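A short write-up of the structure that comes next.
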Amino acid sequence: MCRAARASLTIIAALVSLGLPAASYDVFFYKPGFYDRKYGSFPEKLRLEMAQEAKLMFEFAYDSYMKYAFPKDELNPIYCTGRGPDYDDPSNININDVLGDYSLTLVDALDTLAVMRNVTEFKRAVQLVLDNVSFDKDNVIQVFEANIRLLGALLSAHLLITDEEQPFGDLRPDGYKDDLLRLSNDLATRLLPAFKNTRTGIPYPRVNLRTGVPPGVSTHTCTAGAGSLLLEFGVLSRLVGNKVFETVARRATRALWDLRAKDTGLLGNIVDVNTGEWIGKMSGIGAGLDSFYEYLLKTYILFGDVEDFRMFNESYSLIKQYMRKGRLLCNEGRGDHPLYVNVNMHDGSTSTLWIDSLQASFSGIQVLMGDIEEAICSHALFYAIWRRFGALPERFNWQKVSPDLAFYPLRPELIESTYLLYRATKNPFYLHVGRDILQSLNNFTKADCGYATIHNVQDKSLEDRMESFFLSETCKYLYLLFDTDNPVNKRFAKYVFTTEGHILPIIRLLRTAAEQQVKEDMHSVVSSDVPGVASTVISNRRLNETDRQCGKVPDERQYLLPLKHNYLQQISQSLGLDRDVF
């Protein structure tokens with residue numbers, strides 16, 4: 001017997017003596033396949049090159065915005081012009097929900113400048129925001145979008161500036177006196193009317209920044225929009241010492257929670273803020289619901305309230321019970337690749353044949369939950385779809401294996417999950433995924449002065465729009481994936497990302513201030529005003545086992561494919577990939 005074989009048998013015997021299964025560690029006799037050779041390693045030189053490519057991508061997009069669009073909200077990257085609200089058509093909510101004449105892209109990009117350690121430009125950008133941005137506008141905007149893109153960005157930048165350790169360099173502008181915090185407080189105060197005069201406590205979806213809730217505004221809001229406010233509102237309350245922001249946001253979250261279906265415990269996707277009636281009865285993990293679950297978990301991580309975690313854990317258990325289809329285990333057994341489908345909230349029956357691109361963020365939530373194996377499986381499906389089209393179509397029909405909605409507006413969700421999975425596993429597979437995404441963006445979306453929305457992923461036709469989240473999330477997550485020495489990665493356990501990719505530090509101040517008073521207010525508010533399922537349901541069901549099993553990924557998984565070769569081949573072939581190989 002050769003020396004290497006004897007050594008491998010000795011190691012396996014030692015593992016067995018420790019009670020560990022030899023089969024799981026038999027890496028020495030593993031015959032590499034096509035995907036092992038393709039994804040099994042990632043040279044250090046290439047990693048550094050990709051970090052630089054991601055940085056250049058951000059700089060090109062940011063510089064183009066500043067040159068051609070600022071102080072308008074967005075850049076039109078094909079015609080090199082700026083874009084603001086559609087004053088000619090107030091009903092154009094695709095534009096007016098987001099754009100409000102407040103230099104949105106600059107604000108949204110602030111902490112990305114810090115993450116890339118461009119201290120000089122960060123300070124200049126902060127001063128430009130203070131000199132040019134006002135929220136005293138006669139514009140109707142969406143509460144959710146203003147919260148995640150503007151309020152989250154301002155709070156993140158303020159916390160980075162006032163961080164005593166200054167891990168990104170000296171970010172404090174000369175003469176800074178909590179100016180961004182005051183701007184944050186002004187914005188949030190203008191959003192507060194959305195919470196008034198609704199019987200449920202669920203906010204109206206839109207407000208006029210100057211006058212409050214406009215007459216005739218829709219009372220229909222999505223669950224994610226109304227239930228993804230607590231991170232930003234909670235941080236603001238704790239920084240300024242005003243409990244009202246956290247109280248109304250927490251009340252909205254609990255109001256939605258108490259409207260769950262009695263038979264299944266599931267939430268719908270659209271609700272009437274006055275009646276509490278579910279207008280949209282579809283339950284899923286994508287558009288309309290995604291960040292609701294995300295914020296239950298992240299508010300627990302940031303603020304430490306175990307009630308948030310119990311609600312998340314209950315939701316996660318029900319998601320797996322009703323929405324997960326396919327084989328039981330990600331990396332074992334036979335059957336179709338696991339898939340999370342949209343279901344009817346009342347009986348759990350499948351309600352659509354499509355999944356949407358926002359669902360790609362769920363793997364990242366699973367990473368934070370500690371369900372790494374399931375995250376690996378969820379992510380693999382969306383990566384295969386990306387490989388098939390060079391982007392993620394907004395909706396993908398899993399029965400027809402084709403897009404139902406074919407546009408791709410430079411969304412970050414798959415990249416975010418890729419980044420989080422790499423942080424959890426250190427598997428080079430995810431660096432290859434990031435490289436594929438980076439190359440696709442450069443090949444298919446790069447325009448004369450920025451990066452453009454893909455109108456149709458099948459023919460790669462473009463639309464003249466670059467949304468602000470391309471700078472706040474897409475570029476940021478790509479850069480962090482490859483820049484392993486970044487302060488965010490060195491201090492990974494000390495930050496939480498908002499749903500817009502803004503970094504919030506996990507600090508004692510945010511875990512203690514205002515907490516008790518908010519709880520006391522919530523007790524009186526929720527028990528009397530909100531109809532629906534009793535909130536005590538969460539204490540009557542066993543916590544999902546996942547959180548008890550979040551042991552670290554076995555060491556050998558850092559060197560093999562995260563998804564076994566045969567399962568990766570299965571999902572690739574189902575999407576028509578790699579036919580020339582097998």
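For all residues, glycine too, the Cβ spot is worked out from N, Cα and C.
Taken from TrEMBL as is:
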SIGNAL    1-24  signal peptide
ACT_SITE  E145  active site, proton donor
ACT_SITE  D290  active site
ACT_SITE  E394  active site, proton donor
ACT_SITE  E413  active site
BINDING   T499  Ca(2+) binding site
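All features noted in TrEMBL, drawn onto the structure.
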residue : record                    : Cβ within 10 Å
E145    : active site, proton donor : 19
D290    : active site               : 25
E394    : active site, proton donor : 21
E413    : active site               : 25
T499    : Ca(2+) binding site       : 25
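For E145 (active site, proton donor), the nearest of the recorded positions E394, E413, T499 in terms of C-alpha separation is T499.
T499 (Ca(2+) binding site) sits 9 Å from D290 (active site), taking the Cα positions as reference. Between the C-alpha atoms of E394 (active site, proton donor) and D290 (active site), the distance comes to 14 Å.
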